[in-house]
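J.: My questions will all concern the structure given below.
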Amino acid sequence: MANQEWENGTVVAEFIFLDFGNGPELDCLLFLVFLLIYFVTITGNTCVVVLVVVNQRLHTPMYFFLGNLACLEICYSSNILPRMLFSYAGGDRRISVRGCFTQYYFFGCMAATECYLLAVMSYDRYLAVCEPLHYPSHMDIKLCLRLGTASWVSGFVANSILMFLISNLDFCGPNEIDHFFCDSFPVIKLSCSDTRVVGFAISVVAGGSSLPAFLLTFSSYLYIIVTVVNIPSANGRKKAFSTCSSHLIAVILFYWSILSAYVLPYHDTHTLPNKVFSAFYTILTPLVNPFIYSLRNKEIKKALQK
C-alpha cells in the first residue's frame with residue numbers, strides 16, 4: 001500500500017477496488033464479458049449519434065434529446081469500464097486518490113445529467129401526446145438547445161459541490177473500496193474525518209438533483225397515460241403510446257436500478273445487491289438503451305436500413 005506519512009499516521013495515496021469479490025480464476029472471463037459489453041455499448045450509442053446527425057428525418061426534438069442521451073451513455077461507460085478492463089487484464093485493482101475523485105466526479109455529474117435529460121425527454125413526449133397542436137411552437141430548436149444545455153450544466157454544477165466536500169476529507173486508514181468504481185458512500189466510509197456533514201450533503205444534493213426530475217418525469221407520464229386512455233380509437237391509442245413507449249422503458253430501467261441501489265441500507269449485508277443494482281444503471285442501462293430505442297422505433301429502423 002503506497003501511503004505517505006502524516007503526523008502520527010499515514011495519508012492514503014491510493015485505493016484498491018474489491019470489485020465483485022471475484023478471484024483471479026474469474027478475471028479472464030469477466031474481462032471478456034465486460035469487453036464485449038463495452039464494445040457493444042460504444043458501437044450502439046455511436047450509431048444512434050451518427051444517425052441523428054446525418055439523417056434529416058431525425059432532426060426533431062425527440063431525436064435531438066436521444067442523441068444527447070447516447071453521448072451521455074458513451075461517457076458513462078468510458079468512465080467506468082476501461083478501468084475495470086485494465087484491472088481484470090493485469091490484476092492491478094489500484095487507483096490513485098486523485099484518479100478515484102476524478103472518476104467519482106464525472107460519474108456523479110453524468111448520473112445527475114441523465115436524470116435531467118430523461119425528465120426533459122418525458123416533457124417533450126408530454127407536449128407531443130397531450131398538446132400536439134401546440135407542440136411545434138412550444139418545442140422549437142431554441143428551447144431544445146436551452147433544455148439540453150441546462151441538463152448538462154446542471155448535472156456538472158450539482159456534483160461539483162459534493163466533489164469539493166469529499167476531496168477535503170482525510171484518508172489515513174483502510175484503503176479497500178468495497179465496490180467496482182468510486183461511488184460516494186463506499187469512499188467516505190474509508191475516511192478518518194467526521195463524514196456526517198458530507199453524508200448529509202450527499203443526500204440533500206442527490207435528492208435535490210433527482211427528486212424534481214423524477215417528479216417531472218412521473219407527472220408527465222401520468223398525463224400521457226390519462227390522455228392515451230381517453231383516445232376513442234384503438235389505433236389512435238396505439239399510435240400515441242408508441243411515440244413514448246421506448247422512453248418509458250428506459251426511464252423505468254434507470255430509476256428502478258438507481259433507486260434500488262441507494263434506497264437499500266448501506267451496510268455489509270447489502271453490499272453485493274448494492275453492487276448488482278449499481279451495475280444495472282452504470283453498465284447495463286447504457287448497453288440496452290440503443291436497442292430499446294432502435295427496436296421499438298420505426299424511424300430509427302428506417303435510418304439504419306438506409
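Each residue, glycine too, has its Cβ placed from N, Cα and C.
According to TrEMBL, the domain 'G-protein coupled receptors family 1 profile' annotation covers 44-293. Annotation comment: TrEMBL describes 29-54, 61-81, 101-123, 143-166, 213-232, 244-264, 276-295 as transmembrane segment.
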J.: Along the domain 'G-protein coupled receptors family 1 profile' (44-293), what average pLDDT does this model show?
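T.: Averaged over the domain 'G-protein coupled receptors family 1 profile' (44-293), the predicted model reaches a pLDDT of 83.
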J.: Considering only Cβ pairs within less than 8 angstroms, which of the stretches 29-54, 101-123, 143-166 has the most against the transmembrane segment (213-232)?
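T.: That would be 101-123.
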J.: So if I exclude everything within five residues of the ends of the transmembrane segment (143-166), which remaining residues of that chain have a CB under 8 angstroms from its CBs? That is, six or more out.
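T.: For the transmembrane segment (143-166), the list is 61, 64-65, 68, 101, 104-105, 108-117, 120, 123, 184, 187-188, 197-198, 201-202, 205, 208-209.
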